[in-house]
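Okay, so TrEMBL annotates it like this:
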TRANSMEM  13-34  transmembrane segment
TRANSMEM  74-98  transmembrane segment
TRANSMEM  119-137  transmembrane segment
TRANSMEM  149-168  transmembrane segment
Amino acid sequence: MKKYKLLTAVLDIGFKILAIGMAFLSILVVIFTFINKINLGKIEDFNMLNESFAVISFVSTIDNGKDYSVSMKIIYLIVMLMSALLLVAIFWLTSKIFQDLKRDFKPFKMLQVKRLHKIAVLVLSYAIAPQIMLSLLKTIFLPGYSFEFGIDMTLFLAFIFFCLTEVMRHGVELQIESDETL
């Protein structure tokens, strides 16, 4: 039991460090971007869908001779911040699960199932929302329209978390049934 408590304590601290580190780095990127200390690179280097299994793309651009590189960098910065916020929430909720397990090693509690379900929803949001936000912002602020959507491993990870949530929910029911018979 001490081994599990030590492991959960390490995981709790690790996920909190990840959450705080992600928030801190996101703030630094924003600050340094606006004081021009970080060059975000060429727009051609940005591709959110580079590792997708399947990509649906409808793009129509209008070349009116204007340079939209600053607008594109701001759009990518907004999408990056939204993604970072979702990751911070995922890491923080995960640390809360391990924090409770560290205190009282009872994994089959409804509170843990609810947290795991929230993590599954956040991972699904992390898989879908940045792509939709990117397409929406490009369509609103740039001439033409852009819709790109890719299916990648994050989407499958979200479905795995939803399945794990249901397994844990069944475990809670079995734990309650076991406690009632004793």
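Note: Cβ is positioned from N, Cα and C throughout, glycine not excepted.
Mind mapping these onto the model and telling me what they sit next to?
Here the transmembrane segment (13-34) has long-range neighbours at 40, 73, 77, 80-81, 84-85, 87-88, 91-92, 94-95, 98, meaning same-chain residues at least 6 beyond its ends whose C-beta is under 8 angstroms from one of its own.
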Residues of the same chain, at least six outside the transmembrane segment (119-137), with any C-beta under 8 angstroms of its C-beta?
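Distant contacts of the transmembrane segment (119-137): 48-49, 75-76, 78-79, 82-83, 86-87, 89-90, 93-94, 146-150, 152, 154-155, 157-158, 161-162, 164-165.
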